[in-house]
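Feature annotation from Swiss-Prot assigns [4Fe-4S] cluster 1 binding site to Cys8, Cys22, Cys25, Cys31; the stated evidence is sequence analysis. According to Swiss-Prot, the ATP binding site annotation covers Gly62, Lys63, Gly64, Gly65, Val66, Gly67, Lys68, Ser69, on the basis of sequence analysis. Positions annotated as [4Fe-4S] cluster 2 binding site by Swiss-Prot: Cys235, Cys238. Taken from Swiss-Prot, the feature N-acetylmethionine applies to Met1, supported by similarity to another entry.
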Amino acid sequence: MEEVPHDCPGADSAQAGRGASCQGCPNQRLCASGAGAAADPAIEEIKEKMKTVKHKILVLSGKGGVGKSTFSAHLAHGLAEDENTQVALLDIDICGPSIPKIMGLEGEQVHQSGSGWSPVFLEDNLGVMSVGFLLSSPDDAVIWRGPKKNGMIKQFLRDVDWGEVDYLIVDTPPGTSDEHLSVVQYLTAAHIDGAVIITTPQEVSLQDVRKEISFCHKVKLPIIGVVENMSGFICPKCQKESQIFPPTTGGAEAMCQDLKIPLLGKVPLDPRIGKSCDKGQSFLVEAPDSPATVAYRSIIQRIQEFCSQRLPEGENLVGS
């Protein structure tokens with residue numbers, strides 16, 4: 001599939017789907033039909049629903065297997081350690097929902113209330129929602145086309161009764177697909193704080209992260225920063241660090257310097273992280289002295305600082 005062209009006339013333009021730059025665009029037929037110009041009424045409904053959510057953070061990755069969902073889960077765990085902070089974790093990886101397993105909530109079900117779907121609560125201040133809670137078995141495959149995935153995301157954002165929330169963390173699938181376009185479209189009016197992008201040190205991962213950064217720029221999604229996962233290996237016996245995935249091109253640090261993107265931190269590979277996820281436990285609690293935990297906590301603090309500097313919806317910087 002080709003990328004949306006840089007000089008796209010926009011769905012509202014008279015040239016939508018007909019201009020020279022529209023040739024080869026995957027959305028050409030949709031734009032030409034005029035359907036793309038009609039505002040989705042769900043956007044306003046979601047905006048109203050999200051008024052009780054202070055901060056909204058998307059967690060992205062260019063590739064699968066780089067630890068994106070693990071990071072999302074531990075970001076939620078870390079923020080929720082403050083009992084006065086209300087945290088919500090939304091899993092929109094529709095075809096690969098791993099959050100229920102990582103959070104120790106496999107087998108839980110979603111209940112309907114008068115005010116919408118009730119999230120599954122791990123703690124009084126940590127609610128979770130995932131398509132995994134809607135499956136009869138964790139082994140069931142979700143084989144859906146884009147429109148059905150988009151409809152599910154719309155329901156999660158509009159129909160879940162999150163209540164008063166300080167942080168909504170959205171765990172997305174890898175890449176830049178329908179799910180990403182949908183969540184950005186639905187949440188933009190509700191003020192997204194930004195995206196955290198997860199990578200590993202190898203160039204094969206960084207290549208896709210650059211595409212993810214390009215996606216963020218195109219849809220005007222602020223980038224909170226990049227996290228380099230699996231950045232060195234901590235031996236559980238001697239606690240010494242060695243390189244499993246050498247940063248052949250300088251890793252995330254060099255890429256961030258080149259693109260002027262904040263590097264939030266580097267999380268070393270600790271085998272206990274995987275064990276904690278398999279058990280559905282917080283690694284931050286199980287291994288508080290691990291260098292990986294220290295890195296996680298530093299990154300979480302930087303994300304909190306970023307969000308605290310974001311202006312409330314409707315306010316603008318002087319002179320902007």
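Every residue, even glycine, has its Cβ placed from backbone N, Cα and C.
Feature map: Swiss-Prot annotations on the structure.
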residue : record                          : contacts (Cβ under 8 Å, 6+ apart)
Gly62   : ATP binding site                : Pro174, Gly175, Ile197, Thr199, Ser205, Gln207, Asp208, Val209, Arg210, Lys211, Glu212
Lys63   : ATP binding site                : Pro174, Gly175, Thr199, Thr200, Val204, Ser205, Asp208
Gly64   : ATP binding site                : Gly96, Pro173, Pro174
Val66   : ATP binding site                : Pro174, Ile198, Thr199, Thr200, Ser205, Asn229, Met230
Gly67   : ATP binding site                : Ile198, Thr200, Asn229, Met230, Val267
Lys68   : ATP binding site                : Val59, Leu60, Ser61, Asp171, Thr172, Pro174, Ile198
Ser69   : ATP binding site                : Val59, Asp91, Asp93, Ser98, Ile99, Ile102, Asp171
Cys235  : [4Fe-4S] cluster 2 binding site : Glu241, Ser242
Cys238  : [4Fe-4S] cluster 2 binding site : none
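The binding-site residues examined here are Cys22, Cys25, Cys31; by Cβ neighbour count within 10 Å, the least packed of them is Cys25. Other than the site residues Gly62, Lys63, Gly64, Gly65, Val66, Gly67, Lys68, Ser69, same-chain residues with C-beta atoms no more than 8 angstroms from the centre of those residues' C-beta atoms, the ATP site, are Ser61, Pro174, Ile198, Thr200, Ser205, Asn229. Counting in whole angstrom, Cys31 ([4Fe-4S] cluster 1 binding site) lies 34 from Gly65 (ATP binding site) by their C-alpha atoms. DSSP classifies Ser69 (ATP binding site) as helix under the three-state reduction.
Its Cβ placed at the centre, Gly65 (ATP binding site) has 12 other Cβ atoms within 10 Å.
DSSP assigns Cys22 ([4Fe-4S] cluster 1 binding site) to a helix. If you measure from the Cα atom of Cys22 ([4Fe-4S] cluster 1 binding site) to that of Gly65 (ATP binding site), you get 34 Å.
For Cys25 ([4Fe-4S] cluster 1 binding site) paired with Gly65 (ATP binding site), the C-alpha to C-alpha distance reads 29 Å.
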